[in-house]
Amino acid sequence: MSYRTVVMYVEISCFVVCVSGWILVCSTLPIDIWTWSELDSVVLGTSHYFSNLWKDCVSDSTGVTDCKDIPSLLFYPQWDIRMCRTLIIISIILAFFGSVLVLVGMKCTKIGGSEIVNARLTFAGGMNYLIGGMCSMIAFSYYGNKLRAEFQDPNYKAQKFEIGVGVFIGWGGSSLLVVGGLIYSIFAGRDGFHSRVVPTKKSIQLLAHTEISESRKPRTTSGSRGITKYI
């Protein structure tokens, strides 16, 4: 199996990994359960509180769910919610453009130009995946660490929440984006920016024929030319 075939299979595998991570990160936006908490009550039974970056919800044992949207983004006092929203949206956009660049530059699609141009396009797509994965990883990690700190803080008097399924799915999707983008960057960067000319069989034969022709040419020294002129 040639080196080009191996790189092609690696690119296809990384594309599947990165697209899966991108889908997982996108799926966290409509998921309601980023945080959740239970509160036992004598009258209503058990009440479940859950929320995400966009709304807060509560449901009781009767199955009734009531949700309230988070107020305006500009007037919302918690800046960390705005930061997490921004980082996740940036991650989704970067991963989308990374998919476009990778589709153009992969060896199996043959859409781009030369091998070096395709490798550089793939490298750019891999960097988009890598940066997008880091952005979403920072957002989910900060959000999860904030919930952990509030839950373990004995002086925190407000209602404590636990980490929900949305954050765990975000961690998984971000990890796939980072891993796939890193592998893309390594392989494509090696081919696009540190490429070496591999000699073919025809070029080797032409080089050998040139060396033989050069060796058969008569070599005259300055002394021999002077003797010939004197005679």
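Numbering starts at 1 and runs along the chain as it is shown here.
Placement of Cβ uses the backbone N, Cα and C atoms for every residue, glycine included.
Look at TrEMBL and you will find 12-31 (among others) tagged as transmembrane segment. Beyond the ends of the transmembrane segment (12-31), by six or more residues, the same chain brings 52-54, 88, 91-92, 95-96, 98-99, 102-103, 106, 108, 126, 129, 132-133, 136, 140, 164-167, 169-170, 172-177, 179-181, 183-184 to within a C-beta distance below 8 angstroms of the stretch.
Residues or ranges marked as transmembrane segment by TrEMBL: 87-109 (among others).
Per TrEMBL, transmembrane segment is recorded for 121-143 (among others).
Positions annotated as transmembrane segment by TrEMBL: 163-187 (among others). Proximity of distant same-chain residues to the transmembrane segment (163-187), defined by a Cβ-Cβ separation under 8 Å and at least 6 residues beyond the stretch ends, is recorded for 7, 10-11, 14-15, 17-18, 20-25, 27-28, 31-36, 50, 52, 88, 91, 95, 98, 102, 122-123, 125-134, 136-137, 139-141, 143-144, 147-148.
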